[in-house]
Amino acid sequence: MKNFDKIFEVVIDSFSGATGGFFASLIFYPIENFRTRLQALQKKSEEMNSATVLEEDKKHHIHKHFSSWEFLKQLINKEGYLTFYKGLQSGLIGTVVSFAIYFFWYRLLKNYFYHTLKRTTLGDLDITVITLLSGVINSILSNPIWFLNTRMTVAKEKKGLLQTVKEIYKEEGIGAFYKGVLPNMALVANPVINFVIYENLKRFMLTNKYSMNTFQLLVISSFAKAIATIFTYPILTVRVKLQVKQKEGEAEQKPLSTIAKILEIVKELGFEGVYRGFYAKLIQTVLYNAFMMITYERLRRLIKYLLMVYLKRRHILQE
C-alpha cells in the first residue's frame, strides 16, 4: 500500500484536481470574466463627467453611481452574451495547468510529511507549509498563462491565443509575461487560508466516519473559500491592474509593491476600489471551489478504487 501511495497518489490527485478545475472553470467562467472586467476599470468615477474623456473610452470607466448590474447590462447590450467567454481558451489551459501543478505538489508534500517525517496527522503549520510551497511553485509556473488570460479578457478586439502571445512578445518583451507575479505569489495566502480551514473542518467531519456526503463537502469547501476570498481579494485586484495593458500616451508606471499598489488604488478609487467586482468573485469562487473540490474528492476516490481493483486482479497488489 505504501508503494501504491508513493507511485500513484500524486498522479491521481493531480489529474483529479485538473479535471475538477476544468469543468468548474467551463461552467463558471462567465462570472470570472465579468469580475476581471470590473477590476480592470481604471479611472475615478468623477472623471466620467470630464470633457477630456473620449466617448470611446467612457465604456471602460465607471460612473459615480454606476453599479455592477448596470455595467453588466452595458456589456450585454454592446458586445452580446458571448463576450463573457473571451479568453476562455487561455482560462481553461491556465486552470488545468494550475490545478495539475498545485495538487501534484500538494499530495507530494503531504506524502513527504506522512512517510518521511512520520507525521500521523498534519497540524495547521504543516498544512500552511505544504500549501505555501505548492502555491509558490504553481504561481511561478502558471503566471504567464493567467497574464494572457487577463489580456484576452479585457481586450477590445477578439484575438487568438497565439496572436496575443506574439503581439505581447513583440511589443513588451518576454518579461511582460511575468507582470503581476509578485501579487500572484502573495495570493498564495488564499489557498493557505482555504486549506487550513478546509482540512480542519474535514478532519472534524470525518471523526468516526470514513467519508463525507456531498452536502457536507459543499458546505465546508464553500465556507473555507469564502473566508479566504474576503481576506485576499485586494491582492487579486492589484494583479489584474498590473496585467492590464496601459493605453497609449499614459506615463509608464513605476514598479510598486503589492501594499503600495493597494494604497494607490484606495487613493484613486476609494476603499471600494480594491473590492470592485467582489460580489461577482465571491459567488463565482464559492460555487467554483465547491464544484471543483467535490469533483476532486469524488474522482480521486473512484480512481483509487478502480486502480486497486485492477492491480489486485493482476496480482500486482496483494490482498
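Cβ from N, Cα, C; glycine included.
TrEMBL: automatically predicted annotations, no manual curation.
The annotation repeat 'Solcar' is assigned in TrEMBL to 8-112 (among others).
Mean pLDDT across the repeat 'Solcar' (122-204) comes to 86 in this model. TrEMBL lists 122-204 (among others) with the feature repeat 'Solcar'.
Residues or ranges marked as repeat 'Solcar' by TrEMBL: 212-302 (among others).
Residues or ranges marked as transmembrane segment in TrEMBL: 7-31 (among others).
Under the heading transmembrane segment, TrEMBL lists 87-106 (among others).
The transmembrane segment annotation in TrEMBL covers 127-148 (among others).
The transmembrane segment annotation in TrEMBL covers 176-197 (among others).
Annotation comment: TrEMBL describes 217-236 (among others) as transmembrane segment.
Broken down with DSSP, the repeat 'Solcar' (122-204) shows 70 helix, 0 strand, 13 coil. Residues of the same chain lying 6 or more positions beyond the ends of the transmembrane segment (7-31) and with a Cβ under 8 Å from any Cβ of it are 84-85, 88, 91-92, 95-104, 106-108, 111, 280-281, 283-284, 287-289, 291-297, 299-300, 303-304, 307. Here the transmembrane segment (87-106) has long-range neighbours at 10-11, 13-18, 20-22, 24-26, 29, 32-33, 130-131, 133-135, 137-138, 141-142, 145-146, 148-153, 160-161, 164, 191, 195, 292, 296, meaning same-chain residues at least 6 beyond its ends whose C-beta is under 8 angstroms from one of its own.
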